[in-house]
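Annotated in TrEMBL:
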{"type": "DOMAIN", "residues": "89-300", "note": "domain 'Calcineurin-like phosphoesterase'"}
{"type": "BINDING", "residues": "ASP95, ASP128, TYR131, HIS299", "note": "Fe cation 1 binding site"}
{"type": "BINDING", "residues": "ASP128, ASN166, HIS262, HIS297", "note": "Fe cation 2 binding site"}
Amino acid sequence: MIFSPTLVKTYYMLQLVTNSVDSRLFISFSTLPCLPTLTSFHINMVVPTKKAMNQRLVSWTLVVGLFVISCVAELERFEHAGKPDGSLSFLVVGDWGRRGHYNQSQVAFQMGKIGEQLDIDFIISTGDNFYDNGLTAVDDPLFHQSFTDIYTAPSLQKQWYNVLGNHDYRGNAEAQLSPILTKMDSRWLCLRSFVLNAGPEIAEFFFVDTTPFVTKYFSDPEDHVYDWKTILPREKYLNNLLMEVESAIGESRAKWKIVVGHHAIKSAGHHGNTKELNIHLLPLLQTYDVDLYINGHDHCLQHISSSDCGTQFMTSGGGSKAWRGDVSWWNPQELKFYHDGQGFMSVEMTPTEVSIKFYDVFGNVLHNWSSSKQLSFAI
């Protein structure tokens with residue numbers, strides 16, 4: 001069972017209950033379950049008694065009470081400075097790494113032009129960075145052929161923040177996470193999940209490893225082989241990840257909160273909604289008033305404004321191969337924009353305003369959306 005936590009941090013208060021006042025306790029904890037629903041549990045302890053040298057086994061009950069133990073780890077954090085005027089701008093592209101084919105090079109060219117116009121601070125990749133089966137190793141030539149040799153414009157020589165997609169897991173996932181790639185191309189930064197504080201505190205980005213949430217990759221992988229070396233046991237990995245993400249979002253004081261993942265929570269595209277994310281991740285977006293959820297996976301550009309959530313759902317998965325005409329019906333009041341072709345997305349932010357634009361392979365603006373919020377001041 002995968003738990004979706006509803007508290008920022010989960011703590012356990014443990015109190016030893018005993019009638020043996022004179023006994024000294026020798027307690028050895030090998031592991032401590034970090035289950036949000038846990039209120040009490042039993043362990044066995046060896047207790048030397050006062051009357052005898054031999055040891056006897058005594059069962060003790062630990063209940064809510066005396067000691068506080070935190071079971072929440074922290075996601076790795078990075079900071080990226082904004083512009084001197086307090087603004088921030090960046091591009092988002094996903095599903096791209098095809099050695100320049102399927103219009104990847106053309107999309108990259110337009111990204112370079114828009115990146116220069118906006119004086120972007122960084123680029124976000126929503127995953128599926130290398131097709132069809134990720135990288136084989138850190139020396140795989142596909143890294144240069146699909147990344148370094150494609151995104152050559154001066155404006156794109158900025159930091160790239162990347163997450164893994166399902167195609168990346170079909171190769172050597174650890175290769176994309178290796179600092180060796182960063183030594184080869186200093187723009188590259190890829191982790192499974194992490195936090196980026198940009199501005200500082202204009203926006204905080206929570207990058208989430210969504211591929212392990214999808215059950216069919218485990219139960220019915222077809223002819224694909226996934227690199228699950230550091231993911232198993234899966235339930236433990238996902239439980240820990242959900243607690244880490246909730247802790248980070250709950251503590252955020254940024255003006256704008258943005259979650260980035262590969263898979264869509266809501267989509268009218270080929271893959272549609274990811275049911276596992278609707279169960280486990282969407283409640284966190286709703287609870288903590290996340291402003292944007294940005295994803296790839298569906299090879300399209302789209303914007304959904306859901307009636308049951310204040311979060312805006314943005315798909316930028318048109319970095320190369322797209323699926324013409326592959327769209328499902330969606331409530332027109334929620335589906336603000338859909339483009340079944342290649343392209344990318346730009347975001348401009350200040351502490352009080354955000355402006356998003358979607359571009360096609362020719363650099364034309366297809367859709368724009370903006371929002372504003374008031375600054376809050378502590379009294």
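Glycine is no exception: its Cβ is also placed from the backbone N, Cα and C atoms.
Structure coloured by features recorded in TrEMBL.
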{"residue": "ASP95", "record": "Fe cation 1 binding site", "Cβ within 10 Å": "30"}
{"residue": "ASP128", "record": "Fe cation 1 binding site", "Cβ within 10 Å": "30"}
{"residue": "TYR131", "record": "Fe cation 1 binding site", "Cβ within 10 Å": "23"}
{"residue": "ASN166", "record": "Fe cation 2 binding site", "Cβ within 10 Å": "21"}
{"residue": "HIS262", "record": "Fe cation 2 binding site", "Cβ within 10 Å": "29"}
{"residue": "HIS297", "record": "Fe cation 2 binding site", "Cβ within 10 Å": "28"}
{"residue": "HIS299", "record": "Fe cation 1 binding site", "Cβ within 10 Å": "26"}
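HIS262 (Fe cation 2 binding site) has its Cα within 10 Å of the Cα of these binding-site residues: ASP95, ASP128, taken from ASP95, ASP128, TYR131, HIS299.
Shown in sequence order, GLY94, ASP95, THR126, GLY127, LEU164, GLY165, HIS167, ASP168, THR210, THR211, HIS263, GLY296, GLY317 are the same-chain residues outside ASP128, ASN166, HIS262, HIS297 whose Cβ sits within 8 Å of the Cβ centre of the Fe cation 2 site. Cβ atoms within 8 Å of the centroid of the Cβ atoms of ASP95, ASP128, TYR131, HIS299 (the Fe cation 1 site) belong to the same-chain residues GLY94, TRP96, GLY97, ARG98, GLY165, HIS167, GLY296, HIS297, GLY317, GLY319, SER320, LYS321, site residues excluded. Cα to Cα, ASP95 (Fe cation 1 binding site) and HIS297 (Fe cation 2 binding site) are separated by 7 Å. A distance of 6 Å separates the Cα atom of ASP128 (Fe cation 1 binding site) from that of ASN166 (Fe cation 2 binding site).
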